[in-house]
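Enquirer: What follows is a structure written as structure tokens; I'll ask about it next.
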Amino acid sequence: MLDIQFIREHADVVKESQRKRGESVELVDEVLRSDEVRRSSLKEFEAARAQQKEIGKKVAAAPADEKAKLIAATKELSQKVSEYKAAADAAAEEYTTAMWKLSNIVEPEAPEGGEDDYVVVKKVGQIRDFAAEGFEPKDHLTLGRGVAGIDMERGVKVGGSRFYFLRGQVARMQIAMLTMAVDQAEEHGFTLAITPTLVRPEVMRGTGFLNSHADEIYRLREPDDQYLVGTSEVALAGMHENEILNLENGPLRYCGWSSCYRREAGAAGKDTSGIIRVHQFDKVEMFVYAKQEDSYKEHEHLLAMEQEMLGKVEVPYRIIDTAAGDLGSSAARKFDCEAWVPTQGRYRELTSTSNCTEYQARRLNIRERMEDGNTRAVSTLNGTLATTRWLVAILENHQQKDGSIEIPKAMRPYMGGKEVIEPTKWEA
């Protein structure tokens, strides 16, 4: 949610942000109109209520000949107060509905355009020349099957399309990768949290995921009425809902480990083979609560953390600055790290990090106490540190001619010192 005072004073900035996102500019005018109606309706109600109280005080002390008139006036005014109250409540509801539709204000530096209008910030790592090495690279699913590590067929049998089993050394590789990510996060001052994967509607709405991505989210209907999270960002944002934080000693940094669930409603025909786009996966997510003035520095820190982790798994990658039209409603700016996938001949997203400024905090009522005793909204940021999809890039970029997988050096201590995953026949 945005600051209404900012919208009143800088409507042109908010409209420009909406335009860059490809969203309704007229919504800003709707917010301002409903805000004016809300304030005037509330003023009428409060004036009538004050008059009602004043007359009520006079009734007890009034002479008998005036008391009847005052009582009649009180009854008449009571009806008006009820009408003004109903009008004020309706105006407040209309205002709130409009406000919650507005997306966060895009940072001026974010590129204009849509999904394909990102800007490449830099590329890191050398892309392998498999032709020079004398063999055609296999895709991650073929490799995973070859080491008895990825079983899509039985996953589909059990859970339906886009489900899978990770087994043996590939399952160990995922645990190793996620554990390595947690260790790195803790070294940088993050606190590990195993988070809920079911959240209340108010928390899901507060983080902004029910705006344009509601169809991507699994929902449990009544009597539960809860949502399955697609990232631990949701639970970590909701953890301090309705709280006043102390950020005088620096940002609060969390590292969430959870299973995640996504419907992939708009993914028909996309990535139907393998584990790039699935309904369930595991992820380590960074989440930060920071002072408003520190959010940009923290965003750079999260991106550096992601790069450090990508360096450990030794895959070529690039960083892109996501265009405004491809940002989620909560993000003011977002950077993606995309790894090279040899068999696809292109980069695929492995991580993203977003600065959500005060947008989520206002919706969830998360504030900090200032030196003067007043409170203000904090900034929230998030970034992926490792997730199941990383296995795709690791398997393909570290494959050997015989179908074995060389384990990245940094991961070997997490896999008992093992250096290579050898081809293995399925035992069952």
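A Cβ is built for glycine as well, from the same backbone N, Cα and C atoms used for every other residue.
Straight out of Swiss-Prot:
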- THR231, SER232, GLU233, GLU285, THR384: L-serine binding site (BINDING)
- ARG262, ARG263, GLU264, VAL278, GLU349, LEU350, THR351, SER352: ATP binding site (BINDING)
Enquirer: Report the largest Cα to Cα distance, in Å and rounded to a whole number, among the residues ARG262, ARG263, GLU264, VAL278, GLU349, LEU350, THR351, SER352 that the record lists as binding ATP.
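Expert: Among the residues the record ties to ATP, max Cα distance equals 19 Å.
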Enquirer: Report, in whole Å, the straight Cα-to-Cα distance of THR384 (L-serine binding site) from ARG263 (ATP binding site).
Expert: 19
Enquirer: Tell me which residues of the chain lie with their Cβ under 8 angstroms from that of VAL278 (ATP binding site), as long as they are six or more apart in sequence?
Expert: ARG162, PHE163, TYR164, ARG262, GLU264, THR388
Enquirer: For GLU264 (ATP binding site), what is the tally of other C-beta atoms lying within 10 angstroms of its C-beta?
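Expert: I get 17 for this one.
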Enquirer: Write out, in the order they occur in the sequence, the residues of the chain not among THR231, SER232, GLU233, GLU285, THR384 that have a C-beta within 8 Å of the mean position of the C-beta atoms of the recorded L-serine site.
Expert: VAL234, LEU236, GLY256, SER258, CYS260, LYS283, VAL284, MET286, PHE287, ASN382
Enquirer: From the binding-site residues GLU349, LEU350, THR351, pick the residue whose C-alpha lies nearest to the C-alpha of GLU233 (L-serine binding site).
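Expert: Out of the listed candidates, the nearest Cα belongs to THR351.
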Enquirer: Closest to SER352 (ATP binding site): which of the binding-site residues THR231, SER232, GLU285, THR384, going by Cα position?
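Expert: Of the binding-site residues THR231, SER232, GLU285, THR384, THR384 has its Cα closest to that of SER352 (ATP binding site).
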Enquirer: Long-range same-chain neighbours of LEU350 (ATP binding site), Cβ under 8 Å, sequence gap at least 6?
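Expert: LEU350 (ATP binding site) has long-range Cβ partners LEU310, TYR317, CYS337, GLU338, ALA339, THR384, THR387, ARG389, TRP390, ALA393.
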